Amino acid sequence: MELHESVTHKNGRQRKPVVSTDNMRNQEAKSSDIDTEEEETLLWTEENHSKTHKGIGDELGKVLLLLFLYVLQGIPLGLAGSIPLIMQSKNVSYKDQAYFSFVFWPFSLKLLWAPLVDAIYFQKFGRRKSWLVPTQYLLGLFMLYLSVTVDSLLESDEHKGPDVITLTAVFFMLAFLAATQDIAVDGWALTMLSRENVGYASTCNSVGQTAGYFLGNVLFLALESADFCNKYLRFEPQDKGIVTLADFLFFWGIVFLVSTTLVAVLKKENNQQNLKKKHREETQSVMETYKQLFSIVKMPTVATFCGLLLTAKIGFSAADAVTGLKLVEAGVPKAQLALLAVPMVPLQILLPVIISKYTAGPRPLDIFYKAFPFRLLIGLLYALLVWWTPSVRQEEGFPVYYYAVVLISYALHQVALYSMYVATMAFHAKVSDPVIGGTYMTLLNTVTNLGGNWPSTLALWLVDPLTSKECQEVASLTCGSPDEAGLCVKEGGTCVTTLDGYYVESVVCVVIGLSWWLLLGKRLRRLQDESPQAWHCRSSK
């Protein structure tokens, strides 16, 4: 339910849980963790290694800078995650929601241009700043542009709805730039921090991105909601929230431009004052990286595993992509829906630690297999929740017990989701060829994310075609399209849904998921019996 996979993993960009197993030490499910970055970690040779180990206090400024950069990265992602809820309150079609879902693809595809970010740069300006500075400037400029135009793009009336195509294009560019910034920051983190403290990079990533997403999604939706502000933050009710989307975009656009200027002017890469010798950064050939990717995919075991990853999440697509929007359609305030993610944060922190104890052995995918039918069952539970919602609604809103039921349902979903996610990441770390581990891990993580993106987009796309409506009072008219629905209303009729496509999808997805589990689940488990050599790339030896 993207009510939210908002703070956890919507948008193809999953938060990386910190998993306490030796197997997972190399797992920073990062689309930019390619071999060039692994080489950077080796730049800290004993010759350059300080005899006195640096504590975190000695590099607190650098850690705070990384944390801030990751917070900035989370802001556009959080905003992108809030737009579908805003559009749903304006009664856009699910086909439009499917269009907008492409905004969440760049983080799943950034492996395609990550080698270019590593290889092309201005040496005098800095390998990472060559990409970080222009991408953050562009992010700031896009936000300032949106602050002026977003109200008109989201405006809707009886004649037209929001300009979904333009919104999709602009937010896709924001996500693309944020993904590119992520590649640059990930690489910079490995050389910015000393070897003793480089482990804090993943902590900065997880905490910073989560905080940024929270600010851009949960906090924004709460402050933008007139109902929430009038109920909790004001003494006298007003028609609008404390902030508008335009105000929020303008503020963060300025923050991006000012902070990027400060980083460009004041922060140096590999400053010789801080190093006894300048570290040599070896850049892997772009073509060599792409050849490695191709050689990995050609291996039979990897090809089979990728095929399974790309199809495994079809059964969850209706529950994950459509449920949250259906709740908004049923009248649940989007701000309340977003705030339900807050109590989940402690659970999302604890779950990976607990689950990793069971995935640390030689067969982590057994946990994936066992959690699979449980998550399918939750999909049916979500459908029942959507069906139940209208009957619970009262004049003053929804009762507390309703939100408690939603929260419990969401918590159960998180348990199943994280069980599968941590098991998958553990298996990635287990089978990746250590010689080209960065490229290998990134490829598998990219396929995993794509396996969630395309079913979600398809599920959104199919809701409207699977929905049946009829025009009551005017038997000769139908409501199969927006034009026909408008004509029905014009003639004095009312369009009534006789069969909601969401329920059709929910049942079909569970049937497909159960078939996958019965027919292909055991094939997935058998991959754990393959020898290590079956996963090793010949060209890496």
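A Cβ is built for glycine as well, from the same backbone N, Cα and C atoms used for every other residue.
Remember, it's a predicted structure, so these values are computed and weren't measured experimentally.
Per TrEMBL, the stretch carrying the note transmembrane segment among 191-211, 296-316 is 296-316. Looking at 215-234, 435-454, 455-474, the range annotated in TrEMBL as transmembrane segment turns out to be 435-454. Between the transmembrane segment (242-266) and the transmembrane segment (63-86), the number of CB pairs under 8 angstroms, six or more residues apart, is three or more, so the stretches are in contact.
Here the transmembrane segment (296-316) has long-range neighbours at 372, 375-376, 379, 424, 431, 433, 436, 439-440, 443-444, 447-448, 450-452, 454-455, 509-510, 512-514, 516-517, 520, 523-524, 527, 530, 534-535, 537, meaning same-chain residues at least 6 beyond its ends whose C-beta is under 8 angstroms from one of its own.
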